[in-house]
């Protein structure tokens, strides 16, 4: 029975007029064309059974020949009798591409750059000149394309150069050791060079880190450090002279402000450092970190010591000396703190107007953490001076030191409120705060209005600090538009000729793989185009991650 089926498949393959096996469709006019016999027997199509035979071809996927099995003469006679009218019988042959199993690790088609090939496989530039070179679309904005190599070629070349995997591993170990020694020497040389510059004086032009303190938040912080440092010095002198608890709280307040503003200056200097491999998104969050530490410092040093001194004054009240000098110092402090407050307010108003936000909303969302801290500290300083002067005046009038101790507690409470607000707002910023909904909507509409995009999902736009935004979204691309974009750049006559030359499954596979890879490259180019368009129309967007859905 099986031989009959196989014979029928062979006859079908030979009776197709020279067409390939996968295009055969053979129709037999009568059963006697296949089996010579003087009797006419026939079997109905309902009794036809399907058998398959796999034919493997070297280097290609397998194809399955499916043929209809025809019963033998005796079976046909028993089923239908000797006088049954003959009907056509069709034999169909189908070609099926076998699914390939790549396994858990498949790197034969991977591309690697020349730098990786030299570093990871210990090759020289001359070794790479003998390998196949492939021009690839560059993922970087400053270059359009670059040269890559097949990983399989690089691996084979490294084994040819070094002889065995063990020899290659030994060479990698030696190079790693040499790299560590080089870094140690470089560190020592940098230390010597730094000492040399300190000895002779640094004559380099003004750096970016220095210029950042001459404008914007850096300027506000430096002004505040100078004023608060002077206020702290004079308030301590007044406290030593008068012994006032309120004056002690104000001195501690100015000291904490000066220390915290020093932390803000450190955060600003760190935030302008260029990104490195360990911190690819930069150090802009250092301003929020410094502001958070500043808030904790205000609470621990300012509020804590003020409460402590106020409570001790309530438990052990002591008479105070003349408060004339204290009033004079408080008046000077009020003027200086007010001037610093005015500088901070002007800077925040300018920044809020540039962002298109109200002053109140800009402050509440802590968009500029350094200037925000100065604003709150100076506001607390002005209110604290007012509270201290009022309580000291009541003590002078009534002669009761209780009011002075209450003033110390009031200043401590004020500092505690400011500290809590700073801790909350900067923690929210460090957790990854979203940008304004209107801005997110504008970015989303820009993508949705593009003809190659069907829909946008899972949009995330976070503020990285210093006006930098990171945008991420999953994009559902229209495959027809992307394919049409690819076809518009092709020669249709040449493509039609290639299609007409396809006669076998192998040729069809080569044709589809060629154009399929080109279409995927076109899709990648569409992603790059959308990312550049987003950055061009929205300069605050520095990092764009578009994921293909």
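Note: Cβ is positioned from N, Cα and C throughout, glycine not excepted.
According to TrEMBL, the domain 'Cation efflux protein transmembrane' annotation covers 221-431.
The transmembrane segment annotation in TrEMBL covers 220-241 (among others). Only residues 6 or more beyond the boundaries of the transmembrane segment (220-241), in the same chain, are considered here, and those with a CB under 8 A from a CB of the stretch are 213, 247-248, 250-251, 254-255, 257-258, 261-262, 264-265, 268, 321, 325-326, 329-330, 332-333, 336-337, 339-340, 343-344, 347, 370-371, 374, 377-378, 381.
Annotated transmembrane segment per TrEMBL: 288-311 (among others), in sequence order.
Sequence-distant contacts of the transmembrane segment (323-345), counting only residues of its own chain at least 6 positions beyond either end whose CB sits under 8 Å from a CB of the stretch, comprise 219-220, 223-224, 227-228, 230-231, 234-235, 237-238, 241-242, 244, 247, 250, 254, 371, 374-375, 378-379, 381-382, 385-386, 388-389, 392, 395-396. Annotated transmembrane segment per TrEMBL: 323-345 (among others), in sequence order.
Within its own chain, the transmembrane segment (380-399) has Cβ neighbours under 8 Å at 228, 231, 244, 246-247, 249-250, 253-254, 257, 320, 323, 326-327, 330, 333-334, 337-338, 341, 406-408, 410-411, 414-415, 418, counting only residues six or more beyond its boundaries. TrEMBL lists 380-399 (among others) with the feature transmembrane segment.
According to TrEMBL, the transmembrane segment annotation covers 405-424 (among others).
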